[in-house]
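Now, the feature entries from TrEMBL:
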- 30-51: transmembrane segment (TRANSMEM)
- 63-83: transmembrane segment (TRANSMEM)
- 90-106: transmembrane segment (TRANSMEM)
- 112-128: transmembrane segment (TRANSMEM)
- 135-157: transmembrane segment (TRANSMEM)
- 177-194: transmembrane segment (TRANSMEM)
- 249-268: transmembrane segment (TRANSMEM)
- 280-298: transmembrane segment (TRANSMEM)
- 331-351: transmembrane segment (TRANSMEM)
Amino acid sequence: MASATTTTTTTATMARERGTLKHTLPRRPIIIIAIVGIFSALLAAQLTVYSSSANEDAVARNWWMYFGISCLGSMEVLVGIVLGDSRPQLVVFVMIILLGGGPAGLGDARSAIQAAAPSYIFLVLTLSKSTRPIIDAVATCIQHIPLVILQSMLLLLSTSFVLQYNTQAKSSSFAESFSLLPIFTITSITLTLLHAYNQNKSHKHGNLLSSSTNVLSQSIIGAACHTISSILLYQMYPMYATSIALGELFAILTTAFFASISDVWYSVGSGQFQMVSLDSAGLILYFIVPATMLYLRFLDQYGERVGGVMNGWVGGLMDGLGMELDGANDTLVFILSVTTAIGVPIINALCPMGGYLFARAYTHGQPNTKKVAICINCSDLLSDVSTLQSMLEQRKAVLNIYVTLNDMQSHSQVLIELAKQGHYIALAPSANIEAAFNEYNNLFGEAAGWAFSNSYAAGRHPTYLRKAHDLGMKVAYWSTLVRIEGATLSEEQRNYFVSDVADKNGGSIIYISCGKGASKDSSSNALSTIVELIKDFSIAPLSQVVKDDSTMRL
């Protein structure tokens, strides 16, 4: 077998498929990311100035400063969305706060960590096998809480929390308060969009891109870190704090807008996502901008009256709870931060934005084709490959097997035999995808056509995604995740699986993954069950299931 140390430097070209743009991917995705970030920062800076009750001339003179600060917030959120992970975003956020607050901002760090301790305890529970089912149940309940109750809880909890630290923020800079109405309106629109997107997602039972536990865990991490950072923000000038938070909010709102519309149109791959996004940009120009202008005009005419009613309602509520109103405006930063903490994980769980920008990425194929793709890791399959062979031949089922460089070097003969039987071999995520690509070419005599991307660091990074595209490969995520934690699938997993596959009538990318609780025979048992549950569908390779221009069978 030839060595895998040779490198491939040429960029492969892909044929254009019907229903996609002439150039499927932008040559410089960073330009699109920068445009979204600047657009979000412009809106944030404008809303900061508009909502401020301070001297209008003084605020207007500092507009460019607020714009630059808002850019920090929007770009920090886009880091988390493009990388598909909240943790890098939170690192950037905390760095911004520490650099902005300086040593004085560390004074309340201890009390902030103590306040966030329950969130960290809850996070530890998500990592334990014995308590994880309880956390999953909590995550499911949270998804079904009505939006009005969720927003009311967020407002009450954040208000009561921030007021506890109001005595630590009695500097003169806090005399400049903000109008609650326009900011709370934008926050409500963002929460409404995220809620509607999550509740009406295309794959309702598929755990698209991430499990509910991962989404909840990242939300808790975000809430905890933003809790700490929000307290440190009180050491800063409140206009700066609000500018950063609004930059984050508008970046989430803009991204969720494009992602949700693409989900409604059920875009297949990066090309169709970008076409739908162009149409969505037209919606912003022709509908959303005029509606925003009308809303601002409404606030000019009736804002004081509506704001007075709202402030009276909040004041009466806080008086009934025995609280003071002095720190109510400080609540804004905390509300915006919590919205950011839950918004980024939800978007990452539903839309692979980095994949759509840096690769030819697919989360599903065309519906109504009566074809599905079953994908499984090579390490989960090899222990029972002989047991499954007869069953797969009887059903004429073709598996999509994800292999690493080590798999190809250690099990080359087994993989060659599987390929001869008609099964499709694709590349698993790897930090050195080029070496795996060359080894694949040497082993099978042809270039790899597909690579897998998952929620782990190597699979979601833009460098991996762009390199896969440059090597001529398409990238597959999944539309239905089957996580095996026991000897076989649970009844709930079976019901969710059947509902999701039947709902789309084809085009599903089914990814089977074995967890730590899986036994030696778990993969074969689960695979046999899945094949039996979808006996009315053709189990085909990715190249047949996932196409931009597949013929549908209505």
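Even glycines carry a Cβ here, placed using N, Cα and C.
Counted as Cβ pairs under 8 Å, contacts with the transmembrane segment (249-268) are highest for 331-351 among 30-51, 63-83, 280-298, 331-351.
Tertiary neighbourhood of the transmembrane segment (30-51): same-chain residues 59-60, 63, 66-71, 73-75, 78, 82, 178-179, 182-183, 186, 239, 242-243, 246-247, 249-251, 253-255, 296, 357, selected by CB-CB distance under 8 Å and a gap of 6+ residues from either end.
Within the chain carrying the transmembrane segment (63-83), a Cβ under 8 angstroms from the stretch's Cβ atoms is held by residues 33, 36-38, 40-42, 44-45, 48-49, 89-90, 92-93, 96, 239-240, 243-248, 250-252, 255, 340, 343-344, 347-348, 353-354, 357, 460-462, all 6 or more beyond its ends.
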